[in-house]
Amino acid sequence: MGLKVLSALDSAKTQYYHFKAIIIAGMGLFTDAYDLFCIPPVMKLIGRIYYDDHDEDDQYNNESHGRGIVPPSVVSISVAIALLGTVFGNVVFGRLADKVGRKRVYGFALLLMIFSSIGCGFSICRTRKCVMTSLCFFRFLLGVGIGGDYPISATIMSEFANKTTRGSFIAAVFSMQGFGILTSSAVTMMFCAVFERASKSKTPDNTPDEADLVWRLILMFGAVPATMTYYWRMTMPETARYTALVEQNLRQAVMDMEKVLDVPMHQITGEFDVVPTPTSYGIISKEFFRRHGQDLFACASAWFLVDVVFYSSNLFQSHIYGDILRKPHNEKLNAYQEAFDVAKLQAIVAICSTIPGYWATVFFIDRIGRVKIQIIGFLGMAICLFAIGIPYYQYWDNHTNAWFLILYGLTFFFSNFGPNTTTFIVPAELFPARLRSTCHGISGAAGKIGAIIGSVGFLWASQSKNKSEVGKGYHKGIGMTSVLVILGGICVLGMILTYLFTRETKGRSLEENEIDDQDNQTNFLRCFTCCKQNDNGDDHHHHHHQRSTIIHPSTSTSTSTTLAIA
């Protein structure tokens, strides 16, 4: 017998509060994308300001990386340290959200993003080493906040949504990343255009002092949407599933849902509602592995593989900047124009491929399912990467044209109309309420480890085998063709693992997805445990039904748990 309040959530019509929850949860992802994607143009400005000299005493002198360019090792460290922060944030905040509640941790993650965004802009000082050290420190803290926001946003939206449109709602939350990318580009272009027009220095070789203010303003602007969202996060109630199933406080869950759903109380509570007592097994146990090990492997491995590929997109950026968006070679760019062009490219990619990919998922995910979209996305990415990689040196290296841009854009489209979005959705649907955010955080952390490999490891590996053709500041690598073929192979592997291990969650309630239902699954690992489960399955289900608590909401005198931050 299920809880009536949860059944009401599963069957509730789409209403105002659902859209409000999408905006509240989505603003965290909006801020995440803004903060992560404003770094490429910011690095262009920092390079022109702090690395535009011939300091022979510095280990990164002109000969090693080029004048006005941040050394590749410094860029790699700054990218990797932010992603390491997201790994930490995913695991820690994901676990805390299951221990102390979604709402309480939600506000703290947002505060961390706000203050670290402001800290990135201040960066304490104006000397090269001090600026980069403090920037990396605050970027790590920002990554912790961003990582913490992932599992909580997905979990909250999944627990508020109805079962027929749950996938679209969670995908809509994730799609706010596209608008965050677009906003970061727009803000960067706006600041660069305004400061360039107001600047007294028009020569490209002379970067004015006020340019040091531009990149700081760009970074600090990321705190604005997060600050605007904080009040609404603090006023939204705890999810009914957490309050009822984890805290065992059905009365408070009913009261919270009555405030936000346009449903009378008698429709969301019954005279005899049965609240199952939570199982006691931990996440590191044989019981967890037996019940949910395959699901966690499927979610974490898919997220890891897609982020390796998704964050390798910077392999092509220098190619595109140099051959398509940059002004004629006889006209040198000043610092503002260079940052403007990087932001312009990101805006074009967001409008033409990233945002359409997100919203294609929103439209189709509850129609064709998560597994099919994930397989389609991996397949599309593999085809595009093979099409670019195999003939790279024979054709694309000297023909960076419209077709190259189309293939480049399609890799983003199929990643978002595919595994980049579905890996955010599926972990929020498969696991029990008391472990849901933890498992989502572990999956997200695996993804960000893949992101470090993609954004740093593959960037360095893509360098030419010929030492004379290696980019300044880099070492010899295995070449673009080898790297792109490997990335295409990773997508094929992701497609295979999805087919073998990922369960479809479309159209089922969260409680139905928790059930270890062998009859509805034909995936690989089940064959190793089916015999054992058949031997003790009847006893297990009988024991499960015995462990339940009957609560009379109308007469309960239990004290409700307050989850708001004082």
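Here the Cβ of each residue, glycine as well, is placed from N, Cα and C on the backbone.
Keep in mind that TrEMBL annotations are predicted by a computer and have not been checked by a curator.
Residues annotated as transmembrane segment in TrEMBL: 21-43 (among others). For the transmembrane segment (21-43), same-chain residues at least 6 beyond its ends with a Cβ under 8 Å from one of its own Cβ atoms are 70, 75, 78-79, 82, 109-110, 113, 117, 120, 142, 146, 149-150, 152-154, 156-157, 160, 169, 172-181, 183-185, 187-188, 192, 215, 218-219, 221-222, 225-226, 228-229, 232-233, 236, 314, 317, 339-340, 342-343, 346.
Residues or ranges marked as domain 'Major facilitator superfamily (MFS) profile' by TrEMBL: 21-506.
Here TrEMBL flags 74-93 (among others) as transmembrane segment.
The transmembrane segment annotation in TrEMBL covers 105-124 (among others).
Residues or ranges marked as transmembrane segment by TrEMBL: 130-148 (among others).
Long-range contacts of the transmembrane segment (169-193) within the same chain, counting only residues at least 6 positions beyond its ends with a Cβ under 8 Å from a Cβ of the stretch, are 18, 21-22, 25-27, 29-35, 37-38, 41-42, 153-154, 157-158, 160-161, 214, 217-218, 221-222, 225, 336-337, 339-340, 342-344, 346-347, 350-351, 354-355, 358-359, 361-362, 365, 416, 421, 424-425, 428. Residues or ranges marked as transmembrane segment by TrEMBL: 169-193 (among others).
TrEMBL lists 213-232 (among others) with the feature transmembrane segment.
Long-range contacts of the transmembrane segment (296-316) within its own chain (CB-CB distance under 8 A, at least 6 residues past either end) are made by residues 40, 374, 377-378, 381, 385, 388, 408, 411-412, 415, 418-420, 422-423, 426-427, 430-431, 439-440, 442-444, 446-455, 458-459, 462, 480, 483-484, 487, 490-491, 493-494, 497-498, 501-503, 525. According to TrEMBL, the transmembrane segment annotation covers 296-316 (among others).
TrEMBL lists 345-365 (among others) with the feature transmembrane segment.
What TrEMBL records for 377-396 (among others) is transmembrane segment. Same-chain residues lying 6 or more positions outside the transmembrane segment (377-396) and placing a CB less than 8 Å from one of its CB atoms are 305-306, 309, 316, 404, 407-408, 410-411, 413-420, 422, 479-481, 483-485, 487-489, 491-492, 494-495, 498.
Among the features that TrEMBL reports, transmembrane segment is placed at 402-426 (among others).
If you look up TrEMBL, you'll see 438-460 (among others) marked as transmembrane segment.
Using a Cβ-Cβ cut-off under 8 Å and counting only residues 6 or more beyond its ends in the same chain, the transmembrane segment (480-501) has close neighbours at 294, 297-298, 301-302, 305-306, 308-309, 312, 315, 371, 374-375, 378-379, 381-383, 385-386, 388-390, 392-393, 397, 419, 458, 461-462, 464, 523-525. Annotation source TrEMBL lists transmembrane segment at 480-501 (among others).
According to TrEMBL, the region 'Disordered' annotation covers 538-566.
The compositional bias 'Low complexity' annotation in TrEMBL covers 554-566.
Residues 36, 39, 43, 60, 105, 108-109, 132, 135-136, 139-152, 437, 440-442, 444-445, 448-449, 451-452, 455-456, 459-460 of the same chain lie 6+ residues outside the transmembrane segment (74-93) yet bring a C-beta within less than 8 angstroms of a C-beta in it. Highlighted: of the candidate stretches 105-124, 345-365, 438-460, 345-365 has the greatest count of Cβ pairs under 8 Å to the transmembrane segment (402-426). For the transmembrane segment (438-460), same-chain residues at least 6 beyond its ends with a Cβ under 8 Å from one of its own Cβ atoms are 72, 76, 79-80, 83-84, 86-88, 90-95, 97-98, 147, 150-151, 154-155, 283, 292, 295-296, 299-301, 303-312, 314-315, 423-424, 427-428, 430-431, 474-475, 477, 483, 486-487. The average pLDDT computed for the domain 'Major facilitator superfamily (MFS) profile' (21-506) is 85.
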